[in-house]
């Protein structure tokens, strides 16, 4: 074993793990904590483990479709599958836009309206395209920085709230949900849809090809598989810990809380956002916007701003992964090569348009409600990505000796 070699193979797994940390994921985490407490942590852990997958026999998933051509007729199913993956990519991009717009609004104390935040997110894609010119390693390092920011910000919230460690361990290792009903079941399904992104399967299988490996040498391929697997495990473990921070903070502080409880605390702390919560005995419902507000009411303004920085990092990090995924699936399914600039322009304009209309004509409730809808959309797209992929690892014509 060599740490130097592991470092050389480090990158693709962390780029892939960003899909486990996008704003849709963070929203799913905090809602599962507020609705079910610590009870659904085992679902999060299993979904993360299921999401762990390795390299391929020299081709990425999308190119396997092109190469085989046998289990699938040449055109129709391939185009349907491509459209489904594109839908998932656009949905993910919309979540990134929503998360970034909300974070910018919170950080500017409401001075930048939500629609202004949406427009600002158009500019960030060009920053990533600029970074991309300096090579994949530089981009990997930048995403590593964003993941570090998320770990520090959500870790700060975790230390501030001090969740019950015994309940945390029970939630992780006892696959059971006592007194759970429809809301908890909905959250469990939402976690799976938010964690296992359909386009992520295609992204990771293509990114591992960025490293130079002599595929004629079985020993070298076996070694590459080993290091990629270790790197993926580390990356997913880091993303899992960050997700645990978010779930347990809201499970400890806001499980079984009512709107009246939060209203009183926010009013006493002179929060300008106390009107968000009606003074009634209904169970508290939170999203990434309200989540920051209630943290600010209970634990001071620093908790709100640190939360917003974490959400901004989550939003920014998922921008380029959608662009890369789109490029790989378009190349694989349709044999089409577009420039990254054209790719970003297409997905970002489709993602920004409906989000901008909701931000201008509706309120933050409707904007964060879109996140919930998009998590459900991701769940519906999963079979289209996963079912065709399942036979490939057992086909000798694809995997050869591996």
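Cβ atoms are placed via backbone N, Cα and C, with glycine included.
Where the annotation comes from TrEMBL, it is an automatic prediction and has not been curated.
The feature transmembrane segment is assigned by TrEMBL to 37-58 (among others).
TrEMBL lists 142-159 (among others) with the feature transmembrane segment. Within its own chain, the transmembrane segment (142-159) has Cβ neighbours under 8 Å at 14-15, 17-18, 21, 131, 238-239, 241-242, 245-246, 248-249, 295, 299, 303, 306-307, 309-310, 313-314, 316-317, 320, counting only residues six or more beyond its boundaries.
Tertiary neighbourhood of the transmembrane segment (188-207): same-chain residues 11-13, 15-16, 19-20, 22, 24-25, 27-29, 31-32, 36, 40, 43-44, 47-48, 50-51, 53, 55-56, 59-62, 84-85, 88-89, 92, 177, 232, 243, 321-322, 324-326, 328-329, 332, 372, 375-382, 384-386, 389, selected by CB-CB distance under 8 Å and a gap of 6+ residues from either end. Annotated transmembrane segment per TrEMBL: 188-207 (among others), in sequence order.
Sequence annotations record features per position, and here TrEMBL assigns transmembrane segment to 228-251 (among others).
Marked as transmembrane segment by TrEMBL: 293-314 (among others). Residues 21-23, 25-26, 99-100, 102-104, 106-107, 146-147, 149-150, 153-154, 156-157, 160-161, 249, 253-254, 262, 265-266, 269, 271, 273-274, 276, 284, 286 of the same chain, all 6+ positions outside the transmembrane segment (293-314), place their C-beta atoms under 8 angstroms from a C-beta of that stretch.
Under the heading transmembrane segment, TrEMBL lists 341-361 (among others).
Residues annotated as transmembrane segment in TrEMBL: 373-392 (among others).
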Key: Long-range neighbours of the transmembrane segment (228-251), counting only residues six or more past its ends (CB under 8 A)   = 6, 9-14, 16-18, 20-21, 25-26, 29-34, 36-38, 40-41, 44-45, 48, 51-55, 147, 150-151, 154-155, 157-158, 161, 163, 167-168, 171, 195, 204, 208, 286, 291, 295
